[in-house]
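As recorded in TrEMBL, the features of this protein are as follows:
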- 156-528: domain 'Myotubularin phosphatase' (DOMAIN)
- 304, 305, 366, 367, 368, 369, 370, 371, 372: substrate binding site (BINDING)
- 366: active site, phosphocysteine intermediate (ACT_SITE)
- 685-736: domain 'FYVE-type' (DOMAIN)
């Protein structure tokens, strides 16, 4: 690598040059797998904690967007997206080289040993710079260029509309109306421009309540149940030890009155009581029960962002143990407190869901109302409304409760260089809680585990503009819908990868009741240990079920095709003529030629149906055409069969193959046997296929390939369906006839 020629004085220049590479301003001298490569390091070792004595040796490529390690001998590739890098740590130098530990936001730990110490130092500095851009304009999404086969840049940005989502909940109505006071984000700049408030709330009440709440995040409607009970959200009041606000008290009373079926409501503070009391010293705190009538207050006890960040760090350290024993892993998992925090979030959400299902409205807040509040409101709605358990519904839930109402994705996910104390796995916990529900009731969710993992990874990758910024106003100011691609558009074009084959919308048509006992909260191995090769089953459920469903669909369409062909041939054999006026070729199914009437052949080599011989007028009697074991044929002399056998000819439609060879070729365009995913460790292109890799089957040859080798989709002649079947690159290149027929 060229790093060895650098001196500390021109380091900043090199960083700037690599930053320009990231922006695509420089033309790379080389490419790897279609990605521009800027520099590379030879003789780099990649250590595996399960096989430290035999490290992988290969080349480390610096691409514009990825760090790629290639072991040419073992034909193994390790890809790390630069924006996924969470930390880069230099370790003490060893006799084999300079170690460098790279941790990612997708819970992958990669241990490199670089031969030269200077190269290691330069690589360390460069990775720190490129993984944490200083300015938001340097993020990957602003320079990402889609391939021609992908959707246009506008796809996905119009999938969600907040008014449409509230109309689905029958809002506005006589109790809840659309408020225009925040049209220009003057009421609260971190709220959406369209908020729904009680119909009787005046502008004075709205302004007064906003001024009494932290960051102006006043109570507004988040979800309305069909029994008219509502979930509203806000931030903590600026109450201090004794302050009060009449407008805020009136606002909560109007929210209570908007539910005519219950005379009281709940205010749920998701924080531990001690934390709320400490905030009083800073002029914030919680509501004084003496000032709010007919309202019941409830503290829940979800930890703050700092507690969650430290908990995740301990969890990652537990997963990184080089020789973990059962006791060390369980002790590490217990000391991290991660599962305890997941349970506390689910407990809070289920408490809110039960209150709403019981007919009482709930107002939820934490400190600023965009971390724990978003978790509790969205998970409660997930339990209450089956719509949010669909793919489109869950995306709408994220758009509403996290993107529109604000969540500090840029800070919590570390998109740009900022205070490390602002990082926290808040969104990761939402997905973990959703996975807990999905694992307990898989038939209730339209999406699978891969759907949740894709959301997590792209929330940190910054490849799409969906999760960029902290609120709706930030995204409008950045003009993300014009300058970047939407994650929803990408996922819509790969929808089959996220569908759950076990989904049954009738299984849980209303409220989903989770099991929140301590033994029911599980460690999500698929998220936190997904890159560990030895801890996953050989046949992962998320691979086996979609493959089985696709295989069954392929066989079903193939059977329908065969039934259609058999019906056609039966009509030909029975003498049924085609409709008059249809211009088509004469089909000959004995010698494979067109417009032929006779055939010269050796009849002893043909097995021709006796009934066919008799009906075709070959000069044989009915008895002679009978089976050889007919009792009346015992004393008869064998009659020589004619050499000239009349053929079955029929004018048929163009879709019928003209010969046996064409018919055979058509039938064989669909593979009956598919290769099991259990024995697949790498693709034909040498790409390793692990637990997390998406595995595809070619419908023509039945081989299991990686995503890059699914060359294209095309209709197969042996499928009685117009759907496009996935084909591998080999079948696509060797079968131009399929695409000519498709066109």
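A Cβ is built for glycine as well, from the same backbone N, Cα and C atoms used for every other residue.
Surrounding the centroid of the Cβ atoms of 304, 305, 366, 367, 368, 369, 370, 371, 372, where the record places substrate, the chain contributes additional residues within 8 Å, namely 235, 270, 373. Every protein chain considered, the tally of other Cβ atoms within 10 Å of the Cβ of residue 370 (substrate binding site) stands at 26. Residue environment of residue 304 (substrate binding site) contains 16 other Cβ atoms, counted within 10 Å of its Cβ in all protein chains. Averaged over the domain 'Myotubularin phosphatase' (156-528), the predicted model has a pLDDT of 95. The DSSP breakdown of the domain 'FYVE-type' (685-736), given as helix, strand and coil counts, is 10 helix, 14 strand, 28 coil. Non-local neighbourhood of residue 366 (substrate binding site): 235, 236, 269, 270, 271, 302, 372, 373, each in the same chain, at least six residues away, with C-beta under 8 Å from its C-beta.
Within the group of binding-site residues (368, 372), the Cβ with the highest number of other Cβ atoms inside 10 Å belongs to 372.
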